[in-house]
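What follows is one structure encoded as structure tokens, with my remarks underneath.
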Amino acid sequence: MKHLQFVLVLAIAVNVWECGDAKFGERGEVSPRRRRCYDGSLPKRLKKRERKVLLDGSSSGEVCHRLYPRVSCCPTRRAAYQILHSRDARIFSTNNTECGHLLEEIKCARCSPNAQVLFQSFDMDKMPHREPDLPHLCKDFCREFYYTCRGHIPELFQADVDEFCQYYGRRDASLCFPDFQRKQPPRQDSNYLGDEQIEEFSRKHKHNCYCAQEVLSGLRQPVAVVHCGDGSQRLFVLEKEGIVRILNHNLELIKEPFLDIHKLVQNGLKGGDERGLLSLAFHPNYKKNGKLYISYTTNQERWAIGPHDHILRVVEYTISRKNINQVDTRTVRVLMEVAELHRKHLGGQLLFSPDGLLHIVLGDGMITLDDMEEMDGLSDFTGSVLRVDVDTDCCTSPYSIPRNNPYFNSTNQPPEIFAHGLHDPGRCAVDRLQTDNGSLFILCTDASGKNTSAGRILEIAMGKDYENEPSVYDLQSSGGAPPVGGFIYRGCQSRRLYGSYVFGDKNGNLRILQKSTLSTSASGEQWQEKALCLGSASSCGSMLVGNILGFGEDELGEVYILASSKSMTQSHSGKLYKLVDPKRPHAPKECQRQMEDPAPLMTACSRQCKNGHCTPTGKCCCSPGWEGPFCRVAKCEPACRNGGVCMEPNKCLCKSGYSGPQCETSEQGMPNDQEKDGILDHIMGMTSYLLDLTSYIV
């Protein structure tokens, strides 16, 4: 009898132990009778010696054995390897490291002892012969998988996140994947790599190379990456065709674009054609006034007299009062327009100085002496850095064209020429350290001449003529590739890169320019150029591939790189990389900055200015036909008559019995003077009737 009790207790213990590996889904415990492999067979228990042999192997199959070390439907390394490499390569292959890790885990779902439950067909009646690609995913894992891989496997993600997780998510209270305990990395700012990745990079890196961590792919001709400086740690990616997209603080792409003006933008499709969306700059007080400034090329407004190819336009927009992640396109205000002849050497970058003035960088536009004689006035602004005061209460109409210059259009007074003599300015960088101190230090890459690929780096200062002014550093031609301007690194992740100017060229070569005080020159300063080494994909997890299109910077001073692996303008081959130093200290304290949620506009002007636009100083400028403190009173010229009310500009709401644009005509069609006599007779008749009625009552 005792032996029988011992056998029963042992059997119960074994069954409970077998259930232990399958209770980490959202539902909890799973009955042992439901533990079946995908083909209906029973999973196999791995002995301790077998587990040690499998985990010590170096094949791809060890991933699955780490996830299911005790009970598995892949008892051998060969079986696990076949599981990993037998899936659809179109769906289960990617070059992104983070997405690749999630795909490897999902592939191992076939090795789960609960595979039959995880892969119950979603539409068995409609598609009885089709094997499901994905198991039932737990809610949190499904959203993580969607946002991590949607930019790398577009064939799989044809719907939004809610529809995708509704189809592939858990049904009712059934088991979901992952049905094992996942190791979650410590919660931290997503702009920084996890400690495990840092340790892996430090272990693999035995040299002084940096890493280009892939952040986003599938972009269409990206040209720049900027931040708004409101503490939300969002990144704004500009695409050349006229679309601005947002990456939130978790580096997740928001579905709806921040701004879409592709119908206004004239985009160049051929190589070397610089037309399109050029630049974006946020007002220094963007958190309060919601102002941003865009430059792009267009051909819609043909106001210029004489031959020209396109117009470079600078406009002001305001953020939407209802959606903090979208621009209200109705608030557009044109600041400046310049007519140009050619499609190269355009420039167009916008940047703010510490004093709040907007700087507009223009190229020479490939203008020749003959062009200058033919287009009088155009040479006054090409190849210049213009300075505009946008913090003004002026409400001038945006399309006032100065008579003395048919190729220039400005809202207010013509801008000040800050510097001139530029040829093909690339991206200019403002040193944020000097900006915090109240001074202005700008570095720009530029071509040495109109028809040369040799470049130079200029320190832009007020009143300088860079036709004769010496450059900070002369760049040698790198295979005919023009330079691409970057940023002065002021981040906190890399101490050895701090203060260096990071830039590159179109061929994908990265370089840095460092300032050294150990010099015998009169200025006491010397610039030194060095190649910036990038690690391989095996040591960094990803590597920079293709042509460099531009650079970006986040709120913390970290540098990003935009690249494209193909020259075809129609393909979505643009990628965003983050420059990472693998030898940095682990989780530096100075990098820990709390993220602030973006807040809607709360100023009185933004709330109450209904029929106009708010200036950066908070004044409500009325649109034509409106007046009053907040543009709520309509104007009718000439004024409404006979008691009519002006409801909309030049549109009167007439009282009963009157009609006409100014309510000047009665419904009987009587002239206005005869109408007055009729009214007096009517009043006298009513008075007589009331007197008779009163005497009768008395």
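Backbone N, Cα and C atoms are what each Cβ position is placed from, and that goes for glycine too.
Taken verbatim from TrEMBL:
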- 1-22: signal peptide (SIGNAL)
- 632-664: domain 'EGF-like' (DOMAIN)
- Cys636-Cys646: disulfide bond (DISULFID)
- Cys654-Cys663: disulfide bond (DISULFID)
Cys663 (disulfide bond) to Cys636 (disulfide bond): how many Å between their Cα atoms?
12
Under DSSP, the domain 'EGF-like' (632-664) has how many residues in helix, strand and coil?
0 helix, 11 strand, 22 coil
Long-range neighbours only, meaning 6 or more apart in sequence with Cβ under 8 Å: which ones does Cys636 (disulfide bond) have?
Cys646, Pro649, Asn650, Lys651, Cys652, Gln662
Hey, which of the disulfide-bonded residues Cys646, Cys654, Cys663 is the loneliest by Cβ count within 10 Å?
Cys646
Given the model, what does the mean pLDDT over the domain 'EGF-like' (632-664) come out as?
85
